[in-house]
Amino acid sequence: MDDIETQKLLADRRRSSEEDNVAANQLHLNAKGLEVLVGPWQAKNELGPRTPAYGGRGALMEEAREQIRVAAPIVGMNVVQMLLVLTSAAFVGHVGALALASCQLATSLASATGHYLLYGMALGLETLGGRAFGAGQLSELGHATYRCLLLLTLIAAVVSLCWLQAERALIFLGQEKTLAQVAARYMHLLIPSLFANAWTQPLLKFLQSQGVTAPLAACSVVALLFHVPNNWFFVHYLGWGLDGAAIATSLAYSMIFLCLAGHVFTSPRYAKARPRFSWAKATSGWTAQIRLGVPSTVMLCLEYWAFDALYLMCGMLPNPYLLVSGLSVAMNTAWLMSMTYVGLGAATSTRVAAELGARSACGAKTVARVGLSLAAALGVTAFAMILASSRWLPLIFVESTNGELLRLTSALMACVAGLSIVDSVQNNAGSILRGCGRQSLGAGVTLSSYYLVGLPSSALLAFHLGFGVWGLVGGLCLAVLTQATCLTTLIVRTDWKHQVERATASVAELSGIEALPLFDEKPPPPASNTAQSSLEAKT
């Protein structure tokens, strides 16, 4: 009797072993129907098939293609949104000098005090959403998006109340009264664009987390196509002047939101990621969103504010009109080129978060490796393009008769061109940290690089050592080089298995489920082999 029971037990164990092997192998199949088991990033979906051979040349090339495919529409969207601002400025420039100055002042202040905060806080969803999607928790991705919508709406409400006091703030900061009044009114009319952007950013990260980026560029292009005639209609045809430009800008942001919302909430493609709205879910779990969003915001704002400080110092040098004009053209050209690697950074960050959410340490490491390589290549490309255009591009902004300004601008562009290579690498390294949920480290590095190294060095070189504007640029180069070195060192020394554990704990904390098994190069061995061999030996 004992022998019969033993044989039955062995048969059951063998059957269980076979089932475990089948289940383990299925985790690595690129089948659409298994995306809940292995996470959609491992299934055959928008990002294409993923294979276990993470270190092979073919896998590296595949990953590079996917990052470029995801990044390209983001680059297009960034360029289009920049053109929205430039289009309004171009129409306002024909109204008058006061209108143009007010428009530029209000736009800069609106970005620094409002839109940067929204961009930064939404980056927390980039990390959480990528992890949830990589782990196959699509409903949690939806709840995280609702949560982010509420949070950004609250931030927009608080910021809009502050904007209503913009006139007093500008006068307090020493701005001329008429300029302050006109700029403040422009900001008041931009409040709808603030709320539209607050609702757009979560939807943008919702799609980006799933590797769907084409709709982002499409919606932005649609808004731009309407933005040009809207500016003409409101500014010139109706004669609303500066008010018309602000209204056209708010309409453009609103149109982007409506297009994205229509796509997200009507397409069956995202049905599993659109759970029923729950106040309990939407009002809980804010700690994780804020814990990731605040350092991202700090990191973003510190970098932008450092450039603003650089312009202020440039204005303190002799012949400020010449120097500020030349530096502005050079930096804006570099900023335009940076749209390429900023888009790549967004793609790399999402891919890293998704691989960590899918419990793939090797996959995340491969994504980081490919992202840094692509960033270096884009940096070299930007360097070559800026250098090649340094002689003729300034003619677009500067009169050909102003030889001194043309020579200065061309020389500054050649100097800034070399900065593009390092800036591209540091941007991607910071994005990888963001994908890992290590924004606090990135914020600390940014603070140290710009405010302890860069700006003090710029002041020392420009004012005390007499290098002028070249000293300012030298300090900036030192800041970016320090930032790139520190961030890249952090990436190289990253313990990817530990990052998998952190990501798994984060997803489990939000969704309240057990984490998926580690997904790596090869399926795990059957769990029952050891016990089965021991039992057979005893038999």
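Yeah, the Cβs are placed from backbone N, Cα and C, and that goes for glycine too.
Per TrEMBL, the features are as follows:
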- 70-96: transmembrane segment (TRANSMEM)
- 116-134: transmembrane segment (TRANSMEM)
- 146-166: transmembrane segment (TRANSMEM)
- 186-204: transmembrane segment (TRANSMEM)
- 216-239: transmembrane segment (TRANSMEM)
- 245-265: transmembrane segment (TRANSMEM)
- 286-307: transmembrane segment (TRANSMEM)
- 327-349: transmembrane segment (TRANSMEM)
- 370-393: transmembrane segment (TRANSMEM)
- 405-422: transmembrane segment (TRANSMEM)
- 443-463: transmembrane segment (TRANSMEM)
- 469-492: transmembrane segment (TRANSMEM)
- 519-539: region 'Disordered' (REGION)
- 528-539: compositional bias 'Polar residues' (COMPBIAS)
Chain residues outside the transmembrane segment (146-166) and at least six past its termini with a C-beta under 8 angstroms from it: 106, 109-110, 113-114, 117-118, 121-122, 124-125, 180, 183-184, 187-188, 190-191, 194-195, 197-199, 201-202, 205, 277-278, 281-283, 285-286, 289-290, 293
Same-chain residues near the transmembrane segment (245-265), Cβ under 8 Å, at least 6 residues beyond its ends: 84-85, 88, 91-92, 103, 106, 186, 189-193, 196-197, 199-200, 203-204, 206-207, 215-216, 218-220, 222-224, 226-227, 230-231, 233-235, 274
Segment proximity, the transmembrane segment (186-204) to the transmembrane segment (286-307), 3 or more C-beta pairs under 8 Å: no
Distal contacts, the transmembrane segment (70-96) - CB-CB under 8 A, six or more residues away: 47, 103-104, 107, 208, 211, 213-221, 223-224, 227-228, 231-232, 235-236, 241-242, 245-246, 248-249, 252, 336, 339-340, 342-344, 346-348, 350-351
Contact call for the transmembrane segment (327-349) against the transmembrane segment (186-204), three or more Cβ pairs under 8 Å: no
